[in-house]
Amino acid sequence: MTTYVIKGARILGGQKKDLLIRDGVVAEIGTGLSAAGAQVVDADGLVALPGLVDLHTHLREPGREDAETVETGSRSAALGGYTAVCAMANTSPVADTAGVVEQVWRLGREAGLVDVQPIGAVTVGLAGEQLAELGAMADSAARVRIFSDDGNCVADPRLMRRALEYVKAFDGVVAQHAEEPRLTSGAQMHEGEVAARLGMTGWPAVAEESIIARDVLLAEHVGARLHVCHVSTAGSVEILRWAKGRGIRVTAEVTPHHLLLTDERATSYDPVFKVNPPLRTATDVAALRAALVEGVIDIVATDHAPHAVEDKECEWAYARPGMLGLETALSIVLDVVGDELGWDGIAERMSRTPARIAGLTGHGLEPAAGAPANLTLVDPAARWTVDPAGLASRSRNTPYAAMTLPGRVVATFLHGEPTVLDGKAVK
Ligand SMILES: NC(=O)N[C@@H](CC(=O)O)C(=O)O
Ligand SMILES: [Zn+2]
Ligand SMILES: [Zn+2]
């Protein structure tokens, strides 16, 4: 293994330090460091963050390798500054058995670009009828701790209760896609003024909020951990604030796109803006930003949802919901709440807290002597323009095409080896 000396990176607290990286760990941290045969990485002007952790990524393998593979999604993640991603279970076949989660976990190891932590399905085939073999997935080599039917809501309250009871035994967590399906049938976008103007069927905020309200009460009743995926409304924030005030064990994520974009984008009829839950109003966006800064929403998760051209470049009504996120997440977060959060807040919401929720002990750690060397170096002064064709993802469905964004990932280190150097993937 190569030894690296990262020279003059700004670490949290603002000091400039050198980091000596050897045998997968930060061996030394100080000033004027050098080591025989070491490769020097000039980090003058760069900020060192703990490697980012994404709690919500769709990698599409097995089943839709034309849209993304574990390898291409992992490369996207590394370029976005991530060292770990949690891979959602809505693959084909669904990740509802020990066999499938172990396959995804193994593919992640083989790609070696980020740590891929599979998420297991809550119900067999995401059908919402029968609990999947949660215990077997937890005991497998993939050591699954997060369970989600994401894409679908676990709508049956009795199944949701049983899933919460089951995962409590091994301190697992159920990550809910909060969408009361009876309130969203045929929905195309956020139910509101814009949908009325466009004549599209709406997805009302209450479809999300009613499930979150129900689930925090179930989590309280059971005493188990609940995680709420992609929170998108101001009302959801109020329910979460109430639940946290009561001491209910609930965490929540918001996506970069829900922090930036609104339902006005649908007026373009460009399906790149079709996503689940839908883009909401400017009032919702403001509430989500404030909740993330305050900590009512714990983390940013990308909900990176690659889709093949034929599933996205078609009429709005037929397009699949979802958008890319891994390569742009940090820049969007810096753009919308960077000043309020500061670097420590960014590290908290994009690395430390997601690592803690997922139980990924080697991630989300400050660079310190002896800690696993999972870190990312960011140039806060750089700006870059998003070119869909230049992304490492196999898909092209970014809503940020041609936008110029702040902050560039210059290098990412995974277990002491670079996956990204000079802003380019190493392999
Ligand atoms: N977010 C989306 O719009 N789509 C996701 C599913 C999901 O996250 O619900 C997908 O798998 O494409
Ligand atoms: Zn979802
Ligand atoms: Zn998702």
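Including glycine, each Cβ sits where the backbone N, Cα and C put it.
The domain 'Dihydroorotase catalytic' annotation in TrEMBL covers 47-234. As annotated by TrEMBL, Zn(2+) 1 binding site applies to H56, H58, D150, D303. Residues or ranges marked as substrate binding site in TrEMBL: H58, L59, R60, N90, N276, H307, P321, G322. If you look up TrEMBL, you'll see D150, H177, H230 marked as Zn(2+) 2 binding site. Among the features that TrEMBL reports, active site is placed at D303.
On the structure: features taken from TrEMBL.
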residue : record                 : DSSP (3 states)
H56     : Zn(2+) 1 binding site  : strand
D150    : Zn(2+) 1 binding site  : coil
H177    : Zn(2+) 2 binding site  : coil
H230    : Zn(2+) 2 binding site  : coil
N276    : substrate binding site : coil
D303    : Zn(2+) 1 binding site  : coil
P321    : substrate binding site : coil
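When the CA atoms are compared, the binding-site residues lying within 10 A of H230 (Zn(2+) 2 binding site) are N276, out of the candidates L59, N90, N276, G322. Within 10 Å of N90 (substrate binding site), counting C-alpha to C-alpha distances, fall none of the binding-site residues H56, H177, D303. Using N276 (substrate binding site) as the reference Cα, a 10 A cut-off selects H177 from the binding-site residues H56, H58, H177.
Close contacts with ligand 3, defined as a Cβ under 6 Å from any of its atoms, occur at D150 among the binding-site residues D150, N276, H307.
Of the chain residues outside the Zn(2+) 1 site list H56, H58, D150, D303, T57, M88, G151, C229, H230, A301, T302, H304, A305 have their Cβ within 8 Å of the site's Cβ mean position. Cα of D150 (Zn(2+) 1 binding site) to Cα of L59 (substrate binding site): a distance of 13 Å. When the Cα atoms are compared, H307 (substrate binding site) and H56 (Zn(2+) 1 binding site) turn out to be 16 Å apart.
In the vicinity of ligand 2, defined as a Cβ distance under 6 Å, the following of the binding-site residues H56, D150, H177, G322 are placed: D150, H177. With a cut-off of under 6 Å between the Cβ and any atom of ligand 1, the binding-site residues H56, L59, R60, N90, P321 reduce to N90, P321.
Summarising model confidence by region, the domain 'Dihydroorotase catalytic' (47-234) averages a pLDDT of 98.
R60 (substrate binding site) sits 12 Å from D303 (Zn(2+) 1 binding site), taking the Cα positions as reference. Counting only the Cα atoms, the space from P321 (substrate binding site) to H177 (Zn(2+) 2 binding site) is about 14 angstrom. Taking the binding-site residues P321, G322 in turn, the residue surrounded by the fewest other Cβ atoms inside 10 Å of its Cβ turns out to be P321. Around H177 (Zn(2+) 2 binding site), the same-chain residues at least 6 positions away in sequence with a Cβ under 8 Å from its Cβ are S148, D149, D150, G151, N152, C153, C229, H230, N276.
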